[in-house]
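All remarks here apply to the structure that follows.
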Amino acid sequence: MRKFNVNVNGTVYTVEVEEVGGAVTAAPAAPAAPAAAPAAAPVAAAPAAAPAPAPAAAPAAAPAPAAKPAAAAPAGSVTVSAPMPGKILSVNVKPGDKVEAGDVLLILEAMKMQNEIMAPEDGTVSEVRVNAGDTVATGDVMVIL
């Protein structure tokens with residue numbers, strides 16, 4: 001048994017963990033690292049040039065158009081974005097509604113679970129960008145207060 005102190009949100013917990021086959025895992029890891037490091041140094045120079053252009057080209061084309069519509073929120077407003085991808089089951093507010101911090105704005109279904117999306121602060125709903133049945137991606141703006 002090994003003991004660890006784990007800090008979660010400022011609270012320290014003492015955790016005991018039982019090692020199961022720990023010696024077997026540690027032995028192959030040590031020889032693999034030195035063998036990979038010398039082999040990677042000469043080979044890394046050639047492959048590094050090929051992968052770098054491919055990832056740079058793909059993200060530049062796709063995220064740029066998606067970011068511009070999401071960033072069009074009025075100054076001084078609060079945006080409520082999707083914390084995870086999912087499907088909008090219901091929208092509980094409409095433009096002009098006054099909401100308080102913690103009020104449920106909409107229900108987002110993700111991984112077969114219904115998640116209540118709540119107002120982060122008091123305000124008035126100025127825009128609702130989703131409808132029931134819409135699919136959203138992580139970071140999509142759903143409501144503007």
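Residue numbers in this text run from 1 along the chain shown.
Here the Cβ of each residue, glycine as well, is placed from N, Cα and C on the backbone.
If you check Swiss-Prot, you get these features:
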- 57-75: compositional bias 'Low complexity' (COMPBIAS)
- 77-145: domain 'Biotinyl-binding' (DOMAIN)
- Lys112: N6-biotinyllysine (MOD_RES)
- 52-82: region 'Disordered' (REGION)
Near the Cβ of the residue listed as 'N6-biotinyllysine', how many other Cβ atoms are there if near means within 10 Å? 6
Can you see whether DSSP assigns Lys112 (N6-biotinyllysine) to helix, strand or coil? coil
